[in-house]
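As annotated by Swiss-Prot, anthranilate 1 binding site applies to GLY82, ASN113. The annotation 5-phospho-alpha-D-ribose 1-diphosphate binding site is assigned in Swiss-Prot to GLY82, 85-86, 92-95, 110-118, SER122. Taken from Swiss-Prot, the feature Mg(2+) 1 binding site covers SER94, GLU228, and the record attributes it to sequence analysis. As annotated by Swiss-Prot, anthranilate 2 binding site applies to ARG168, with the evidence given as sequence analysis. Positions annotated as Mg(2+) 2 binding site by Swiss-Prot, on the basis of sequence analysis: ASP227, GLU228.
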Amino acid sequence: MNIQQAIKQIIKKQDLSENEMHKVMNDIMTGKTTDAQIGGFLVGLAIKGESVDEITAAAKTMRSLVKSVTIKNTKHLVDTCGTGGDGLGLFNISTACTFVVAAAGGSVAKHGNSSISSKSGSADVLKAAGVNLDMSVEKISKCIEKIGIGFMFAPFHHIAMKHVIEPRKDLAIKTIFNVLGPLTNPAKVPNQVMGVYAQSLVEPIAYVLKNLGSKHVIVVHSKDGLDEISIADDTFVAELKNGQVSTYTINPADFSLPLGNLNDIKANNADYSLVLIQQALDGKDGVAKNIIALNSGAAIYVCGLANSLQKGVNKALNILNSDVAHQKLDDFVRESTDC
């Protein structure tokens, strides 16, 4: 199937098979299609609604083209990358979680990018902290093995994405590519906490990750619109564990945490985002610390360092009340230049 045939099919609201989607995506990612064809295809998919099989096939295609990072020990390997796109301008929560999870004994292969829809992307805040982002795949692997943290800058690893940059920019709408980033971690992490920008994606993405061979995953979207576990409202969860997907809702009160005001954790730039992160890692009580505890606790749970979400959050709070997470940030800044 070529992209023109695919467009004709999806505008009839007919899903593509995995094989059909793989063929079209491979043509797109290897430069065999025009910008107009890519735009028409992405809009058609968005209007029809991307199926689990279509997202699975697209992710498999991107994974086959990625510049990968090899990690020898994947037992407690996890990523906290989300889709972004919530438009709320909060500080970099998932990036902050990296240091808490590493302090708990996990290995975090953090996949991320510069700012797209937010005021500060994960790459921006890490750069503000002094982290060297220009690392080879070998250096990234060594950092993860040595200190439990590595950062994979998406444009460096997903070179084939250059073929869709202009069509996506011209369309200026959410497309399948908004969810593909977190699904295509270059280190092939078996465990993830993945935030998504819409509630309708929570359960389907859990099934996509099941199809991709993930081990333990939590996919989240909060009632107040975050692609994170919220400190201010209920959060919808789909959990993949032992090959089964279950759905449920959680609230900060479930973890004996007070509701927080999201206005307290908005960051207009990377520097202020870093300030909020450092204060929380130093144990300063408040909304930033509590939302980091919720999200890093989930990552601690899925990577096998706690046997329940509650215990994961408790472990995260204990770490935040010490200085070990901030020490991990300092370690990463230092090691990123010479490990």
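Heads up, the Cβ atoms here are built off N, Cα and C, so glycines get one too.
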Among ASN92, SER94, THR95, ASN113, the one of these binding-site residues whose Cβ has the fewest neighbouring Cβ atoms within 10 Å: ASN113
Proximal residue to GLU228 (Mg(2+) 1 binding site) among binding-site residues GLY82, THR95, GLY112, ARG168 (C-alpha distance): GLY82
Assigned conformation of THR95 (5-phospho-alpha-D-ribose 1-diphosphate binding site) - DSSP reduced to three states: helix
Nearest of the binding-site residues (ASN92, GLY112, ARG168) to ASP227 (Mg(2+) 2 binding site), judged by Cα-Cα distance: ASN92
Under 8 Å by Cβ from GLY82 (anthranilate 1 binding site), same chain, sequence gap 6 or more: SER94, PRO182, MET194, GLY195, VAL196, ASP227, GLU228
Neighbour count (Cβ, 10 Å) for GLY112 (5-phospho-alpha-D-ribose 1-diphosphate binding site): 26
Three-state secondary structure, which DSSP defines for GLY112 (5-phospho-alpha-D-ribose 1-diphosphate binding site): strand
